[in-house]
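To start, the structure under review is shown below, and the notes come after it.
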Amino acid sequence: MTVFQALVLGIIQGLGEFLPISSSAHLVLVPWLFGWQYAGLTFDVALHLGTLISIAAFFWKEWIVLIGSALRRRGTHEARMFWYLVLATVPGAVMGYLLEEQAETVFRTPLLIGIMLIVMGIFLYWADAKKPAVKGMREISMADSLLIGLSQAFAIIPGVSRSGVTMTAGRALGLSRETAARFSFLLSTPIIVGAGLFKLKDITPGDVNTAFITGVASSALVGFISISFLLKYLTGRSFALFVWYRLVAGLAVIVLAAARQFGF
């Protein structure tokens with residue numbers, strides 16, 4: 001892998017992990033389009049490490065409050081929110097563990113990715129247009145958390161988008177756009193930590209090179225910017241921009257995949 005490729009993929013990870021457009025889809029599609037070889041497990045760890053840095057840098061104060069409240073003050077909003085996030089993490093973690101092999105093989109076909117980009121774009125539009133922006137963080141219930149966590153299990157399929165499906169579920173349950181995004185970002189922390197640690201066991205110090213560092217740095221920086229951008233963007237706007245992007249990108253991928261399939 002070249003440093004340029006690492007930079008491009010790091011930027012894609014930083015954008016796609018937090019914007020509702022699917023990082024896994026784009027990390028499959030870009031090498032497919034340009035004929036790049038699979039970056040390998042080592043670089044997967046680099047990308048997860050980068051996005052972990054970005055989410056930790058943005059939300060570290062909130063996580064300290066949540067953890068501290070869970071340990072010391074039962075019954076508070078922050079303590080409940082910590083355990084809601086733990087509960088919501090379980091379905092996605094279980095599905096990720098059980099279907100890891102399929103996620104790396106069967107699910108990584110451009111045609112399926114194109115279809116899922118469109119399908120989830122339609123669901124996001126429906127949920128965002130149907131529900132009023134009512135619930136804030138303090139109004140999230142245990143049932144809301146569990147349902148959002150269950151939706152996260154579908155993110156094992158590239159094109160669905162972990163952030164996209166959890167924000168869609170949040171909007172369908174009546175969360176405001178900013179609240180749906182914030183809860184999704186907090187929920188991503190244990191998933192990203194778990195995925196990184198699970199893969200980290202196979203990495204040696206010799207695997208850390210310039211491309212690895214470039215991937216970490218670019219995904220971390222772009223990820224931080226993406227989080228900040230989306231939270232501000234959604235205070236006065238809808239998800240329509242991302243819906244249109246998913247529809248257009250999904251259609252383009254399907255057409256291109258079909259053209260390559262039939263030799264055009």
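Backbone N, Cα and C atoms are what each Cβ position is placed from, and that goes for glycine too.
Annotation source Swiss-Prot lists transmembrane segment at 1-21, 40-60, 81-101, 109-129, 140-160, 183-203, 211-231, 239-259.
Residues 20-22, 25, 28-29, 32, 157-161, 164-165, 167-169, 171-172, 177, 238-240, 242-247, 249-254, 256-258, 261 of the same chain lie 6 or more positions beyond the ends of the transmembrane segment (109-129) yet place their CB under 8 Å from a CB of it. Residues 22, 24-25, 27-28, 80-81, 84-85, 87-92, 94-96, 99, 102-103, 107-108, 112-117, 120, 166, 168-170, 173, 175, 179, 183-184, 187, 191, 250 of the same chain lie 6+ residues outside the transmembrane segment (140-160) yet bring a C-beta within less than 8 angstroms of a C-beta in it. The stretches the transmembrane segment (1-21) and the transmembrane segment (211-231) are in mutual contact, each linked to the other by at least three Cβ pairs under 8 Å (pairs 6 or more apart in sequence).
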